[in-house]
Amino acid sequence: MPLRLDIKKKLSARSDRVKCVDFHPTEPWTLAALYSGNIFIWDYNTQTLVKQLEVCNLPVRCAKFVTRKQWIATVSDDMHIRMFNYNTLEKVHEFEAHTDYIRYIAIHPSLPYLLSSSDDMSIKLWDWDKNWQNTQIFEGHAHYVMMTQWNPKDSNIFCSCSLDRSIKVWGVSGGSSQAHFTLTGHQRGVNCVEYAPGGEKPYIVSGSDDRTVKIWDYQTKQCIQTLSGHTNNVSYALFHPTLPIILTGSEDGTVRIWHGATYRLEATLSYFLERVWSIAVLKGSNTAAIGYDEGTVVIKLGSEEPVASMHSGKIIWAKGNEIQTANLKLLDEGVTAGDGERLPLSVKDMGAAEIFPQYVAHHPNGRLFAVCGDGEFVIYTAQALRNKSFGPALEFVWAHSGAYATRDSAGKITVFQDFKESFSFKPPFVVEEIFGGRLLGVRGGDFICFYDWTEYRLIRRIDVVPRNIIWAEDGSNVVLVCPDSFYVLRHDKDACQAALMSGAQQDEDGIEVAFELLNEMSDKIVSGTWVGECFVYISHAQRLICLVAGSQETIFHLDRVQYVLGYMPEQSKLYLIDKELNVTPFTLHMALIEYQSAIMRKDFAAAETFFAQLPESLHNRVARFLENQGFASEALLISKDDEHRFELATQLGKLQMAADIIVNISAQANPAMPPRGKWKSLGDVALEQGDFTLARRCFTEAKDLGALFLLHSSAGDAEGLLCTANMAKESKVSNVAVLCYLLLGNAKGALEVLIEVNRLPEAAFFARTYCPSELSSVVKMWTSDLGKVNQAVAESLADPEKYPDLFPDFALTLSAEKAFQARLVRSPPAASAYAQEKELLDLDVIEEIKKLGPDGFQSMLLKGAAPLADFAPPARVVPAAAAPAPAPAPAPAPTPAPAPTPAPAPTPAPAPAAAAQPAPETVVESVVARGPELTPPDRQVPEAAFEEDEDGWADEAPEQSGGGAGGELIDLL
């Protein structure tokens, strides 16, 4: 009976003639050696060209990966062997190896040896550890030597083939250069030769220009089989390392797949890319590459899912034709493998199956298991591999009750009860696949039909095309696995039984109440199983996911392709297996699954019971689950993860708790890496909710200078601005530092920042506007610095001390600076004085000084402003909404009230401020506030300029000293 191989094309890349292909053992790379002299490396997963290298101008006839050295070895028609690093594409070594074209190279699997065969009729052995010394030469062929291959059973033996129609077997030990023996039988030249993998069978396969493929037993030195069918020269032939097949390629443009045991032709592949020159297979995989005249093709032969089954901790798998078993309950007590770690299983050989297994499944009671393959099935006992039953079948499936069904090549389905045929039927459609479980599933072209196991009776037809059906153990739930999604259905067996007992006429789709759709999920499933009411599966992205009542939770991210083997509730372990038959455990507590199911059902009393059974190590997972279900408060109480608790506290508006959590995180974290991001995010939330005290703390811890500047400048907090300026200065954030000092009125402090960061041009212009007394010194520094780059340009800078004529009214600007500095030591005006003070914004300072003189202008600025030492803030008053104007709060005696008319003073009374005309630069100068160095040391500055009132909002205290210079700036603007 034929093998069932689903052949899929993974890569088709057109190029020049491909003379050789090879696989990288770990990367998804296919190497192609081209007749044009180049080599290509293709990624067969993404169908992209990864690397390209030009070797020479002549054909490259062979190229191989040498992964332990990270090399690509090439041979070409210039008789040279070259080594390239496949990461950097750098040439590592090159030498001339033969006197004629080199046909092939074979890399030793463990030793530093390379065999080269050539048209000069010789074979040479090279040792790269001895600087590529030619250690042996093997001569004996009478024509071109086309290929050599190492024996996998004895790595000191290799074979060769030649156009002299012979195959010779040689040895590298003992120093002999003579062939051990010769195999003859081909009628024309032999192009290729290959050993059977693993050394289990003493076979050699060869392909010849006589269009035949021969299988040789090198122990008896006899040809045991000849495969005919190709219509042109056979260029390549090899055994597949894992499947019982032989692959042959020919210049007739086809690749033929032969059964490795019966030697029957299984399939013929033609991709219309002209002649086939090379075939390669990936060890441990079902992937094969083919080199054609017009490109490279990579195919996948069948499924790579291991043929394995588990029941109650007992595992049975097929390795080739051999059946092996392992018992998870017999692990040594000292073995404690963590989640995802390979288990050191004790494997027992049960014997060889009579057929090549492609399907293995336990009987529901675990005492029997069935093997299906090669068009037959055999039921064995699980203890001693004794044959219980057998028969022809393309497919075999178990029922939950122990019955089983088979499908033959004609589409007939036969159901057996107690190993005897119960009934058979042929559905009125083409059957593609059958599935076992609570009901017998039969898939047609675009639908699935479920039948009763006791008689030929349709239960329900569903218009989906599943590639797998996974039933829960109790039969109440089922998953239909489709190519790009899956459906979770509830099966109501009682309703089905009632409908059948009633005898009511059913429609053509069966019993409508048989299934209820619970969920439709757009995720690709590799494999899965039911654990109670939870469905656990591996997604196409290699994530182990738990599905509870429609809610998905990723349990683990897998590092390689694995498949679900089964679940052991007594150990709370889920076991996975990979294609190399490595078994890995993952902890999956049954109590956790029951708890999640109870939460989804809103059965909180049951949930509390299951929660008490959970270890504390699972509380974080429970908290994540509760958060996803909308129970954030409960999740905050349960979670032990500070990161998660911080997210929940912020989400729930418990900002002080969130701050305490950050403090705890900081205590445990590396001092060099404080959690500034969390402080920043918490500060943003606090700012949104009006908690300015917490926001100030958060932004200070986060060193978010921009946010601190915004907060302090908006609140008129001079002390906060000064702290921010100092922090910015230390952090070299000059822009923020300059702005802070400018708002504080400390123009010299801002100037110092610009000078420290060597921003001398900006410092010069800043001094010209705000600190004219410092302009000359800044210009000198600028000239000196610029002179290092361009002396001529530096000499063109004008210093006001040397060129006063270039700075008109410069002396008046010095007087203006002095007058404004004198004003800065006075108290800031009250907010109620804005109507009078705003006229200062429109002053033309230079013109006013010209009219009043420096002393008169200074007297005008100081009019109505008390000395700062005598200033005390008035009581805070919150005006009523209906009052036309706020009642003035009683002010302390030392604070003079503003007079409506100018009071007599020792200095001449200045003209009204409103009469002055505005000048562009005076607007900027008029907002220069008091510098921090002028603040008396005994001045008390409150913590904040905002206080919460009854409605929770913060009102500004207009005359509190905490406003400082920033308060004056806000009032003036």
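Quick reminder: no glycine exception, Cβ is built from N, Cα and C everywhere.
According to TrEMBL, the features are:
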- 11-52: repeat 'WD' (REPEAT)
- 95-127: repeat 'WD' (REPEAT)
- 138-180: repeat 'WD' (REPEAT)
- 183-226: repeat 'WD' (REPEAT)
- 227-258: repeat 'WD' (REPEAT)
- 321-578: domain 'COPA/B second beta-propeller' (DOMAIN)
- 595-782: domain 'COPA/B TPR' (DOMAIN)
- 882-973: region 'Disordered' (REGION)
- 885-911: compositional bias 'Pro residues' (COMPBIAS)
- 945-958: compositional bias 'Acidic residues' (COMPBIAS)
Cβ contacts under 8 Å made by the repeat 'WD' (227-258) with residues that lie 6+ beyond its boundaries: 3, 5, 191-198, 203, 205-209, 211-215, 264-270, 272-279, 281, 283-286, 288, 290, 292, 301-302, 320-321, 356
Overall pLDDT of the repeat 'WD' (95-127), taken as the mean: 95
Tally of residues which DSSP labels helix, strand or coil - the repeat 'WD' (227-258): 0 helix, 18 strand, 14 coil
The repeat 'WD' (11-52) - residue tally per DSSP class, helix then strand then coil: 0 helix, 27 strand, 15 coil
DSSP-assigned states of the repeat 'WD' (138-180) in counts, ordered helix, strand, coil: 3 helix, 20 strand, 20 coil
DSSP-derived helix, strand and coil totals, residue by residue, for the repeat 'WD' (95-127): 0 helix, 20 strand, 13 coil
